[in-house]
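Below: one structure, written as structure tokens.
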Amino acid sequence: MKKFVVWFLVLLGVASGHSGEQPLSNIAIHRATLALDESLTIKAYPFILAPKGGDTEWVTLHLGNPNPSHDDWVGVFSPAKFNGSTCYLENDGKQQPPYICTAPIKYNFANFSNPDYAKTGNTSLKFQLINQRADFSFALFTGGLSNPKLVGVSNYISFANPKAPLYPRLALGKSWNEMTLTWTSGYNLLEAVPFIEWGRKGDPQHRSPAGTLTFDRNTMCGSPARTVGWRDPGFIHTSFMKDLWPSTLYTYKMGHMLSNGSYVWSKMYSFRSSPYPGQDSLQRVIIFGDMGKAERDGSNEYSNYQPGSLNTTDQLINDLKNIDIVFHIGDITYANGYISQWDQFTAQVEPVASTVPYMIASGNHERDWPGTGSFYDVMDSGGECGVLAQTMFYVPADNRANFWYSTDYGMFHFCIADSEHDWREGSEQYRFIEHCLASVDRQKHPWLIFAAHRVLGYSSDKWYGLEGSFEEPMGRESLQKLWQKYKVDIAFYGHVHNYERTCPIYQNQCVNSERSHYSGIVNGTIHVVVGGGGSHLSEFTPINTTWSLHRDYDWGFVKLTAFNHSSLLFEYKKSRDGKVYDSFTISRDYKDVLACVHDGCEPSTFAS
């Protein structure tokens, strides 16, 4: 009975500390009633945002309320018109439409900047807005989040060019000398033709066409993505830069050719192309999971949801010149069906994702929804069922709906699993994982990395400890023989919101007594939980797990530095200060990779 209860908790997402709520889900917007107060003043400015270009602007909102209350709050709506004339009723077409049927894109309490607001009724709030392809309005509600009454609406404001191409996201293509670029705009194919202009810095530039995708409300699998969380995603464009020279600086910009022959351009960006496979050079990789997004203006109460997100993002931005590629292994935005949050996430990571490849994996908050083929029959995606993740970001997968893929970067070979689909022996994904591990050329790619969102290896998470196996149920039973056979160096996981590193381990036993420097034959795989990218933290079990070498109940990320084919540095850094709090090195020769280890020996014969 105990195992059943814990497995049920895991299915609910509770068993890994995932008890937080998307802040917008706390607003009972469908219950909003109309109680406009003509004596109230609410004014937003500037009226035109970013008139000289740009994708973000700070807006000031002045409030004068003759009947203030401590639970008054302001919602930011986009599009600016938000009445119930176009409400989508998911279950009962005969029911009375609510007055408001779309959630705000963000909100804050009226007393946020003035504790005396409830006495004076006067305050000014500052909101940071990003370009989301539509105009904005600000609505004042009384009655708190659970029983909102609309008492006032501001003037409308808008970006100078709301349809502009924005938020570029680089990703590795399907070959080492290909880079993909995905961005978002408000231009459909009837209005403008999307493309990119790119080339080596200082050389003549090339133009490459872009494909365009979008989706509608009916593509969503359930509420809130299909109801109050729905927002038009705009148009998502992807282009391919091919035949790149290795380790070379390129510049690029996104363009749209309008039907009248004129052009709309983004600003100029740059990136450095991938090294040649096996190239002996300095190569630096960032890995983390579960970062989500947060608001620099203090809105949406993210202090209880994803309090470490901005710190992680800012540490990456500050150290960007020393980063070559990023892997965000699941639970990307925690939008949970509130579509507007994906734009806000891509804006948050734009300084990083526009400069280095930003590779993602699928997590429960991107994919899981009952009856849609996800391995876990739960509602963690808020009805997105993987559509947002596979459309907003490119990965070099054969089928992006499945989201498992392999990719190379210099001396690294990565096998990225999709823990939201079946990985057990006999499954399609199991065959992919074995092929990904078996096909690597360890002379070119000595550093073999496995990654998945859920902990398919080892974790001292509190809830995993109650079950007693210290893993996602059925996690490593099928996979550990593959990790051992193909000598995976490090396996990374998110889902559990903390940091933990194991010894080199096989079948629950440490196979190497070293802690900080591994030389020669390592004998097993080191498992690392790095789910402290930003979301609320997960507690550790009080049980002493002998294979656990380092634990940290804090936000952070991992940096791998390959100096050459024989030397790798692992560093765990806290997001609060960017300093190293755990590290180890691996030093070895090619013959050590080929050496026989327990359950990982190649067949041999004494015949001459």
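Every residue, even glycine, has its Cβ placed from backbone N, Cα and C.
Caution: TrEMBL annotation is automatic and unverified by curators.
For 1-17, the entry in TrEMBL reads signal peptide.
For the domain 'Purple acid phosphatase Fn3-like' (42-161), the predicted model reports an average pLDDT of 91. The feature domain 'Purple acid phosphatase Fn3-like' is assigned by TrEMBL to 42-161.
The domain 'Purple acid phosphatase N-terminal' annotation in TrEMBL covers 167-272.
Annotation source TrEMBL lists domain 'Calcineurin-like phosphoesterase' at 284-499.
What TrEMBL records for 524-583 is domain 'Purple acid phosphatase C-terminal'.
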(message) Please list the DSSP helix, strand and coil residue counts for the domain 'Purple acid phosphatase N-terminal' (167-272).
(response) 3 helix, 54 strand, 49 coil
(message) If I count Cβ-Cβ pairs under 8 A between the domain 'Purple acid phosphatase N-terminal' (167-272) and each of 42-161, 284-499, 524-583, which range comes out on top?
(response) 284-499
